[in-house]
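Trainee: Below is one structure. I have some questions about it.
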Amino acid sequence: MPPRLRPLLLRVSLWVLVGSSSPALLHDRSKENGLQLPRLCKFCDVKATTCSNQDQCKSNCNITSICEKNNEVCAAVWRRNDENVTLETICHDPQKRLYGHMLDDSSSEQCVMKEKKDDGGLMFMCSCTGEECNDVLIFSAIDPHKPEEKDEISKVTIISLVPLLVISVAVIVIFYAYRTHKKRKLNKAWEKNVKPKKHKDCSDVCAIMLDDDHSDISSTCANNINHNTELLPIELDIVVGKGRFAEVYKAKLKQNTSEQYETVAVKIFPYEEYASWKTEKDIFSDVNLKHENILQFLTAEERKTDLGKQYWLITAFHARGNLQEYLTRHIISWEDLWKLGGSLARGIAHLHSDHTPCGRPKTPIVHRDLKSSNILVKNDLTCCLCDFGLSLRLDPSLSVDDLANSGQVGTARYMAPEVLESRMNLENMESFKQTDVYSMALVLWEMTSRCNGVGEVKEYEPPFGSKVREHPCVESMKDNVLRDRGRPEIPSSWLNHQGIQMVCETLIECWDHDPEARLTAQCVAERFSEFKHHDKLSGRSCSEEKIPEDGSVTTAK
């Protein structure tokens, strides 16, 4: 066979294989005017290499992969920290940052390595569009046999440029001095006017957020894991959950002796679900995501077993299970509803926020699959969010096309109206957060339906109950939510309890058909903080509605 035909044959073969195992993926990568095949690249995770940053060398990667998106290019990352030299070959979207850097050479046919800033050592990166072009890494694009070009700049030109250079430097120095002086002046004014009693010390807030006393994992163990580069000594116990992409095991994380261990949860993805594992790993790896109402992440691992390659996510274990299971088995009190609902809202509010409680910038994240089975119940009866396999980071660099390609995802029963009919406002990233708020409202309804404060408590049933089948499709939910404008029923008996009445008013605003009319998760969290003392409410909620003494609520939309 001619050598030129081998990459094409491999590409078509892999495409047929992927298309047969994932029809949805094949559909996404087709166009109206015919089939457009994605790029083939070398795809090996970070590993040790003998390749030096001189001349050129081979990646020695034996894995060829089809890129997930048509616009992705081949890329390579070479790093040297102390005496360790590593190489990573991947597919990469050139419109996104890779390790904090934008790659401006994605149109190149060859992988020409360029040095990038890296606090931990030396780093070179490249990107290219050729077939498996990241297999050969070129560290020097200069021909050593080509003579150096003579400097044609005359002395007159150099002399004429010197005054301009001096003036430019002077302007820069003056501007910098002015900005520094202005900044110091503003800082002094801020320190003078701020009232310390209204602000917690940043270190105190961070300590509260990062040291989760209600987790089943000790802080010492978690700290050691975060700095461990070897596979953890884990013994799988029993399966405690199973979803579309992975199975969840209760497991033992062994300590110094065989008698000592920590109980952890291990979410195991098969080889075919690498993309879901990577999405969730990337979400969890954001240090600014840590929050008491978001599942505590320990580490991610790639493991080789007798069944093939597996991808693991290791997290804290919560014995009470997910919220759906808990509500099925238990009737809750008003105080339980207040704790569960308030903690759920706080977790979603942190997920959606663009800053941490300490004020550090943070990329907002939308969950996109909020439901009671994706929420865990902790020992203190507060919630924590989990299962971020469909989540999306709302990076400002994302274009409308990027957002459009994110697709219609989630569980049909919990999908917002605009998601069901694929009519989201992609120009406004807040629209993604509004879909999470709709789903949150349905979960709050589930909690309320099992609260003994409403009187007689019926058996647990999910939102829309018997109106749809157990696993409804999108078309079935369209009939209920769009055509009939249906929502879960709120019996009049629920309104006899002042606190539950206010919860109902809140969730009705959250599942409004108009996304712009819905509350934010932060607003819901603030309301729940007031609901604890519902019988004493006489002020305003975060949406500025008046709450009369008789307990009735008039909502201002």
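Glycine too: its Cβ is placed from the backbone N, Cα and C atoms.
In case it's useful when we look at the structure, here is the feature table from Swiss-Prot:
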- 1-23: signal peptide (SIGNAL)
- 24-155: topological domain 'Extracellular' (TOPO_DOM)
- Asn62: N-linked glycosylation site (CARBOHYD)
- Asn84: N-linked glycosylation site (CARBOHYD)
- 177-557: topological domain 'Cytoplasmic' (TOPO_DOM)
- 234-537: domain 'Protein kinase' (DOMAIN)
- Val240, Gly241, Lys242, Gly243, Arg244, Phe245, Ala246, Glu247, Val248, Lys267: ATP binding site (BINDING)
- Asp369: active site, proton acceptor (ACT_SITE)
Trainee: By a simple count, how many Cβ atoms lie within 10 Å of the Cβ of Arg244 (ATP binding site), its own Cβ left out?
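Mentor: The answer is 11 other Cβ atoms.
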Trainee: Give the distance between the Cα atoms of Val248 (ATP binding site) and Asp369 (active site, proton acceptor), rounded to the nearest whole Å.
Mentor: 17
Trainee: Sort out for me which one of Asn62, Asn84 has the most neighbouring CB atoms within 10 A, since those are the glycosylation sites we care about.
Mentor: Asn84
Trainee: Can you give me the average pLDDT across the topological domain 'Extracellular' (24-155), rounded to a whole number?
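Mentor: Across the topological domain 'Extracellular' (24-155), the average pLDDT comes out at 81.
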Trainee: For Ala246 (ATP binding site), just count the other CB atoms lying within 10 A of its CB, please.
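Mentor: Counting Cβ neighbours of Ala246 (ATP binding site) within 10 Å gives 23.
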Trainee: If you measure from the CA of Ala246 (ATP binding site) out to 10 Å, which recorded positions from the list Asn62, Asn84, Asp369 are inside that radius?
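Mentor: Close recorded positions: none.
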Trainee: Counting only residues 6+ away in sequence within the same chain, which have a CB under 8 Å from the CB of Lys242 (ATP binding site)?
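Mentor: The answer is Val248.
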Trainee: How long is the line from the C-alpha of Asn84 (N-linked glycosylation site) to the C-alpha of Arg244 (ATP binding site), rounded to the nearest angstrom?
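Mentor: With distance taken Cα to Cα, Arg244 (ATP binding site) is 38 Å from Asn84 (N-linked glycosylation site).
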Trainee: Return the maximum Cα to Cα distance in Å (whole number) over the record's ATP-binding residues: Val240, Gly241, Lys242, Gly243, Arg244, Phe245, Ala246, Glu247, Val248, Lys267.
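Mentor: Farthest-apart Cα atoms in Val240, Gly241, Lys242, Gly243, Arg244, Phe245, Ala246, Glu247, Val248, Lys267 are separated by 14 Å.
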Trainee: Can you tell which of the recorded positions Val240, Arg244, Asp369 lies nearest to Asn62 (N-linked glycosylation site) in space, using Cα positions?
Mentor: Arg244
Trainee: Does Val240 (ATP binding site) have same-chain partners at least 6 apart in sequence with Cβ under 8 Å from its own Cβ, and which are they?
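Mentor: Listed in sequence order, they are Val248, Tyr249, Lys250, Ala265, Gly321.
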Trainee: Between the Cα atoms of Arg244 (ATP binding site) and the residue listed as 'active site, proton acceptor', find the distance and write it as a whole number of Å.
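Mentor: Between the alpha carbons of Arg244 (ATP binding site) and the residue listed as 'active site, proton acceptor' there are 12 Å.
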